[in-house]
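Participant: OK, Swiss-Prot features for this one:
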BINDING   27, 28, 29, 73, 194  CoA binding site
BINDING   31, 33, 92  Zn(2+) 1 binding site
BINDING   86  phosphate binding site
BINDING   140, 142, 187  Zn(2+) 2 binding site
């Protein structure tokens, strides 16, 4: 048995053991996903965003570039851009950010932006006024098919997640997203992170709202 196979087996055993204790939770700060048209408008035709750091989800990354978002009441600077480029531009903030900006953003799943408020985006040289795309991301779990089978959950199922931190609580209305392209993590925003006393590496226990089939 070679070292690579041994390492792979150890990683799989560790993953399964951790899954028994729930899913790891990550807190996501405000960020934007840009489409090709918006990148061109903000940074120039054909501009390529600069990869800075990988995220936990395979193929997703933080870009070096930053922008500002402008609402009726205030401006938030140094907003992170996530890559790669999306089909439609989307801005994800917390409810607290929305209050500061003076815009009430609805709670939506990623990609569900029809009828949402717009917002002004500013780069160092240019601006883009979005007609829609501002949301508060619905809390969710990215999950691999193998982990979903182990947890006995299905695509788009709504579950509860119990967080045993310094301020233990149960998050309701958590949507499960399943794909072989995912890594298994729950994502909450900073408002939710503050509510549960979030610390890096904290885990959540999935509570099914319906009986497993």
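Any Cβ shown, glycine's included, is placed from N, Cα and C.
These figures come from a predicted structure and were not determined experimentally.
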Participant: For the C-alpha pair, I'd like the distance in angstrom between residue 92 (Zn(2+) 1 binding site) and residue 27 (CoA binding site), rounded off.
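Facilitator: Between the alpha carbons of residue 92 (Zn(2+) 1 binding site) and residue 27 (CoA binding site) there are 13 Å.
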Participant: Out of the binding-site residues listed (31, 86, 187), which are within 10 Å of residue 73 (CoA binding site), Cα to Cα?
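Facilitator: Passing the 10 Å Cα cut: none.
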Participant: Within 10 Å of residue 86 (phosphate binding site) by C-alpha distance: pick out those among the binding-site residues 28, 33, 187, and say none if nothing qualifies.
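Facilitator: Checking Cα-Cα distances against residue 86 (phosphate binding site), the binding-site residues within 10 Å turn out to be 33.
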Participant: Give me the CA-CA distance between residue 142 (Zn(2+) 2 binding site) and residue 29 (CoA binding site), in Å, as a whole number.
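Facilitator: Per the Cα atoms, residue 142 (Zn(2+) 2 binding site) and residue 29 (CoA binding site) stand 17 Å apart.
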Participant: Just how many other Cβ atoms lie inside 10 Å of the Cβ on residue 27 (CoA binding site)?
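Facilitator: Other Cβ atoms within 10 Å of residue 27 (CoA binding site): 18.
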Participant: Whose Cβ, among the binding-site residues 73, 86, has more other Cβ atoms within 10 Å than any of the rest?
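Facilitator: When each Cβ's neighbours within 10 Å are tallied, 86 leads.
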Participant: List nothing but the one residue from 28, 194 whose Cβ has the fewest other Cβ atoms within 10 Å; the candidates are the binding-site residues.
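Facilitator: Lowest Cβ count within 10 Å among the binding-site residues (28, 194) is 194.
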